[in-house]
Amino acid sequence: MSQPQLNEFIPPPECPVFEPSWEEFADPFAYINKIRPIAEKTGICKIRPPQEWQPPFACDVDRLKFTPRIQRLNELEAQTRVKLNFLDQIAKFWELQGCTLKIPHVERKILDLYQLNKLVNEEGGFDAVCRERRWTKISVKMGFAPGKAIGSHLRAHYERILFPYNLFQTGANLPKATLTNDTKDKEYTPHDLPQRQSVQPQETCSIARRAKRMRSEVKPEDICDNRPNLRRRMGTCAVKPEPGKKSQVCRQRVIHFHGNMIWEASWSVDQYICLVCGSGSAEDRLLLCDGCDDSYHIFCLIPPLHEVPKGDWRCPKCLAQECGKPPVAFGFEQASRSYTLQTFGDMADSFKSDYFNMPVHMVPTELVEKEFWRLVSTIEEDVTVEYGADIASKEFGSGFPVRNSHFEVSADDEHYLSSGWNLNNMPVLDASVLTHITADICGMKVPWLYVGMCFSSFCWHIEDHWSYSINYLHWGEPKTWYGAPGYAAEHLESVMKKLAPELFESQPDLLHQLVTIMNPNTLMNNGIPIYRTNQCAGEFVITFPRAYHSGFNQGFNFAEAVNFCTMDWMPIGRSCVDHYRQLSRYCVFSHDEMVCNMALKAKTMDVELASAVHEDMKVMIQDEKKLREWVSKLGVVLSRQVDYDELPDEERQCFKCRTTCYLSGVTCGCSSDKMACLYHAQSLCSCPFSNLTLNYKFTLDKLCPLMDSVKLRSESYKEWLSCAQDIVENKGSKKKELHSLVEQAETKAFPKSSILDQLRSITTEADKVAVMAQQLLNGKRQTRYRSGGGKSQNHNELTVEELRSFVQQLDNLPCNIRQAPLLKDLLARVDDFQQCSERLLSDESPSPQELQDLLDVSLGLDVELPQLPTLRERLEQARWLEVVQQASSRPDSLCLDTMRRLIDQGVGLAPHSSVEKAMARLQELLTVSEQWEEKVLGLMEARPCHSIDTLEAALQEVENIPAYLPNCLELKDVVTKAKKWLHEAETLQLGGRIPVLESLSELVLRAEGIPVRLEPLSRLEALISDVQNWKESAAKTFLLKNTPFTLLEVLCPRCDVGSGNHKLKSKKLKEVSQLVKKSSTKLESVCEIERALSESKDSASAMNTLAEVQQREMAILLALRDSNEAKLLPAENCSALNVCVCQKAPLGEMVQCELCRDLFHCGCVAMAADLEFGQAWLCPLCKRSKKPPLDKVLPLLASLQRIRVRLPEGDALRFLIERTVRWQHRVQQACTAGLLSVTVPDVEELMLEGFLLQVTLPETEQLYKYLTYKLAPPPSHSSPSGRGTEQSPRRSPQHNKVKMNAAATSLLSVWFQVNWVQCDGSCNQWFHQVCVGLSAERAEKEDYICISCTQPDYERGD
């Protein structure tokens, strides 16, 4: 929190704020009496009515027109007003000497001349300060920083401005001095207090944000044309001769101004002589006083003048006379115009919004408060506001609704007419003392209205007769209050007199004038407790007796206030009258008259009020008796009875102390219009006391009976109270006497008290005992019913205390109970029940069955047993403990929800040590379980996952928790799965085994669902990644762009030979298919082949599976070729023949596939443009891959062998390579034996198998060329296709044997010449160097060991 700045206003602490309930709000004085012990300590308090209490605003707004008071803010504050008055005196002093006061600036702020003058006087005066060099000390006290030579400036200003004035005040001779002013000094405009009392502001004058101080207006005829318009200037002025002209020695031209007359006279200089030196010489230096016409030389004056003043001038004698006039009493002036609520509100809102430069509702109350106290404490800024105060509600109507008024009250608001909080009703309520005052005192008994604007204030004051006051803010912006408690009233008065003694010297009763405020911080710094509050619309503020209070309005609002007095005020009111007598202050009403009026109504008076009135009357009669005896001793013998009620207050006031006389007064025939109270009988006149007459209202003989009637009212209650106390304490009376006392209290309206409550309670108890005893005698007991836990209820049961009272105090009751034995027997059974209850309740763990049995016994007792709730509680506890014990004995079913449910049930039980212990155990178990559940969940959800050792360690700790923990069980299952997975992963590669890709993928997939860090997982994932990379590489090597075939379909032997759109229906093809099915397993699709390869145990079984597929492939392909060739035989109807992928009849240029022998339209298939004679053309269904060279395929197999993972594509690739190698061996053998010895069908079958290989081999092309050259020489054209449908397409040779010439044989030998290498391992098999990736040089230098010898498990599998 930031520290407040110097002189910044610090808000006092808040006063108490009360918010009564509807029941408390029903009786205003009862509630005020209730809060009085708290609220009177702060002097003021605020009451917020219930929210629904919102009385309608009933004031006659159309008729309400008022003239407000004008308030100049910095004239309100006591210390500021003292400073302003001092500055007025200084200004007047210099003004009367023809000079204008200008206040100098020091350190960029206006110099406080009042403080400077005060400090210099406190330090011993100007000479002492100069002699002892205290100017620096004074500058520090004034708030200037030391070390800046401010003291010398202060000395100069004091010597120039204040020192001549102080010397003038003391009457000492003044040194030669003139009032020279700095150009930076600020001209001071005096306050002009006398004119403020008489001059009214102009009708067009409006409230300004920073209004200059209102100047007094002087009539034009009183002002000379060539003199300045100066305030407080009157009389004549002397004019010096014109410069440059020689003055005449014999005459001095003097112009006099007196009213409307202007006359010029010339006299001899001898008629004007200086009253100081007595000489008439130097007539040009003679100065005529504008006040008395005395003449003085300007050099003889004190202080001397250098030249004739331009304005009015007063001689020292007139100056002393003018400055010695007593100050005029300060007071508020009335505004020059009247307002309605509308016009005043417009003016008030405009003023506030203009001042703060923001909408009125957005200005914070704290800002307004600080600005208010800043303005009232400054002499530099003048802000003037207006306040519509003390407006009579009787004339314009109250803000509250009243009967017989112009305001029509709705049916829903009629209760506000009689509400005690209606300020028109509060002063005249029965409990209010003011109701006994007959006159309607405006402001005290009749509310006053207040219309405020921003900064309009009400000054420090206490209420008349030190009464209570209540203020209600009907609507508008808040009203800020400050209050001091009543016990601090004298302290506050003494502090204000101490801090502003000059004000109280001229106005001793200043605080009664409501025109002076003082900063609450100043009062608090002097030890006075001050409290504040902001009263908002719809809230009450109450001030307590002799509590000083003040405040201001935050903006435009409408409030209403009135006084009231309660019985506790009676002695305070009498003390106030004595105080007024000492101050000679008027009394608003006669306190003695009010007391006597109350005494005349003693029979109907409230007894507590009667007691207070009696005490006050004793003091009153005692003082009156003493005074009459004293007056009699003085010699006053004449007396007469006077009805003071008929006299107006002005005619029965003491001429000296202004006290309103009622019981007695003294008059004299010499001055019949004067009256004196008995205290000031000696001061009435100078006549002998025997001439004085004692005027009395009552004789002492009549006053005493009047007091006795009040005493009787008070003591009748005391007698009743004494009798009631005896009955309550002894209980020796009979039942009829009890009823008689209660009826007496109700008849005489005795106040509510604890004794009366006890008396009624005893009477009720006696009646109750009699009724119950009769019921017991007749057997008419109340019907009972039982609820859960043995609980029985009876709306009219006897309590044990009542039953014991029947038995123990039966003889003392005001009636005889004949059923005493029955009551004693019932009491005995109740005592037995209570003993059993104590025994069971003292047991730490009572049996639930015993508790239930005891509760069953209570059903037979027609008594309210206090042990029943405890027994039921213990029964619930015992049952709960039993359930907890059963749950704890079965930890497998004790889950967290069960523990929470048990704990929730235990929380609802009454506290007991056994329950608390069980609750502690359950809570501990629940806490541990929840912690481990959360911890285990965190272990399983942690990323990266924890190791299995960490999880096993956690499981070992969890095993000792006797509860069912789902997360822990899940962790246990996770650990089991992890161990199984690790075992499978270890078994998968145990002994160098090569895992199958499907098993590997399934294992990795399972690992994703196990939240454990599995060490082999990364290695397995790497293997799978390598496999995927390998498959991608193989796909790039084999697969054609946008091919519909998968890699496995390409690498495996074909199981779906033929066009998908053409179903083979030949008998031969069906027979071949059936034969293949009988001799092989069902491998008719790629999916079946893939499943068979994945399920194979080793590579050998995979090779066998693929061999079966190969066998099927060749058989079906041969049948397909025969079928397709059979279609080309001459037919009667060629248009019925379906060929090609479009399944249409042959037409136009056709091309024939060398593999399936089917015909295709050249427009339906794509053909290579560079296809030459001797090159085979395959249809789109037969050409399934790119057919890469063997040297590109072998590295794929080698890389797969390094990965060491079995997959269907890998087995298919290996089978493809082995099939290729075997095919090459067959071709080599055929070449070695000589192609001429091989039949054409065998060569053609060899060629077909070469076409089926998805590898490009030179042998295939050469073999195809051989067959082509052998059967038909190359044509002149390169196209392999025939022309038209009449010529049949080329077919494969049908000769059984082929004869080759030497050239052809030599060519084939060259074509089929390859390098071989033999395995140096155990198999001794031969391999093509190109197939195993060896060069000739490397084969010569290094040993070669085949894959089968280096990896025997690859062949053997498991």
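Backbone N, Cα and C atoms are what each Cβ position is placed from, and that goes for glycine too.
Regional average pLDDT for the domain 'JmjN' (15-56) in the model is 93. The domain 'JmjN' feature in TrEMBL is assigned to 15-56.
Under DSSP, residues within the domain 'ARID' (80-170) fall into helix, strand and coil as 61 helix, 6 strand, 24 coil. The domain 'ARID' feature in TrEMBL is assigned to 80-170.
What TrEMBL records for 179-204 (among others) is region 'Disordered'.
The compositional bias 'Basic and acidic residues' annotation in TrEMBL covers 182-194.
Here TrEMBL flags 195-204 (among others) as compositional bias 'Polar residues'.
What TrEMBL lists as domain 'PHD-type' is 271-321 (among others).
According to TrEMBL, the feature domain 'JmjC' maps to 415-581.
What TrEMBL lists as domain 'PHD-type' is 1137-1185 (among others).
If you look up TrEMBL, you'll see 1273-1298 (among others) marked as region 'Disordered'.
Marked as compositional bias 'Polar residues' by TrEMBL: 1282-1291 (among others).
Among the listed stretches 15-56, 80-170, 1137-1185, the one sharing the most Cβ pairs under 8 Å with the domain 'JmjC' (415-581) is 15-56. Taken through DSSP, the domain 'JmjN' (15-56) splits into 16 helix, 6 strand, 20 coil. Secondary structure counts, DSSP: the domain 'PHD-type' (1137-1185) has 0 helix, 8 strand, 41 coil.
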